[in-house]
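Data first, discussion second: the structure below is written as structure tokens.
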């Protein structure tokens, strides 16, 4: 079963206003939605989140809280949500009092046990949203993010619905990969939403310059530190850097919602570099370039195609890359620049839709 981005959301005091006197929404006239909850939930759904309601209802089904008194406002609330396009995949209710010492009352895990056992929860992106400390404790027990709701937050410890949307949908696209083998020790960090401040040290000056071209023309920040067996040759350092960079880019892209996906051609002096890119989730490279020299600077020209081959393997992209010209320096640089400009188009975020009819990339 594939893991899902799931929001486990409290009801009273989070989705609807909780009456301050008896803390029970047991009549229709007591039903009132929290501010901006519907547009917030719609935006979160569009961002790929599944919605699950998780609520403690003290003594539900007893004389103090008859089932029928609960059902009328609950059904009305669900009808309102559904009429506006908000869909809850599940509604989980604990009917017990605290003193009953049941296994399902929040913050215990009884209500959400099946989600955890079935491996449905993406722990990196899922969250619990609620107005009480018990909701935050539930999040801690589930090992996922906890967000405390407050319609009028006074500090950063709690958020209203508009702030919750921003918090969950504008996470920085950052990834760091460390790759250590007998030949190399490599650290690559990328931030797809920041520019400048690149720091690249591979031990190969011209290769550093080419990686900087990718970051500069790609419009993102890159930090690369490589310690490799350059006393033998440059093969392992270049190959493993490409593998680590591809993996970092893939991780930073996340589920790829809203990205352009596709990309571009670039002239450089007498060269014409052509690059077409699809962040398809499928590795494929078609590379066409001829070099008259074995090296440009301290970079072996035979490693240029191998760099892009290794990068496409871990980035899992389809890449068509070619360049024609007479100056090997220009040919190599045009390839890296063209790839950077193409990548810039492909990773740019414009909306929340997943650019695939399959529903996954």
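Just so it is clear, glycine is given a Cβ too, placed from its N, Cα and C backbone atoms.
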**Fill in**
Which of 90, 100, 122, 131 shares the Mg(2+) site with 10, 12 in Swiss-Prot? The record says 131
**Message:** Going by Cα-Cα distance, which of the binding-site residues (96, 102, 131) sits nearest to residue 10 (active site, nucleophile)?
**Reply:** 131
**Item:** Residue, out of the recorded positions 10, 12, whose Cβ gathers the largest set of other Cβ atoms within 10 Å
**Value:** 10
**Message:** For the Mg(2+) site (10, 12, 131), what does the 8 A shell look like? I mean other same-chain residues with CB within 8 A of the CB centroid.
**Reply:** 11, 13, 14, 15, 18, 55, 130, 132, 135, 149
**Complete:** Same chain, |i - j| six or more, Cβ under 8 Å of residue 94 (Zn(2+) binding site); the result in sequence order is 55, 56, 57, 102, 104, 105, 106, 110, 111
**Fill in**
In three-state DSSP terms, residue 131 (Mg(2+) binding site) is classed as coil
**Prompt:** Considering the binding-site residues 102, 104, which residue's Cβ sits among the greatest number of other Cβ atoms within 10 Å?
**Reply:** 104
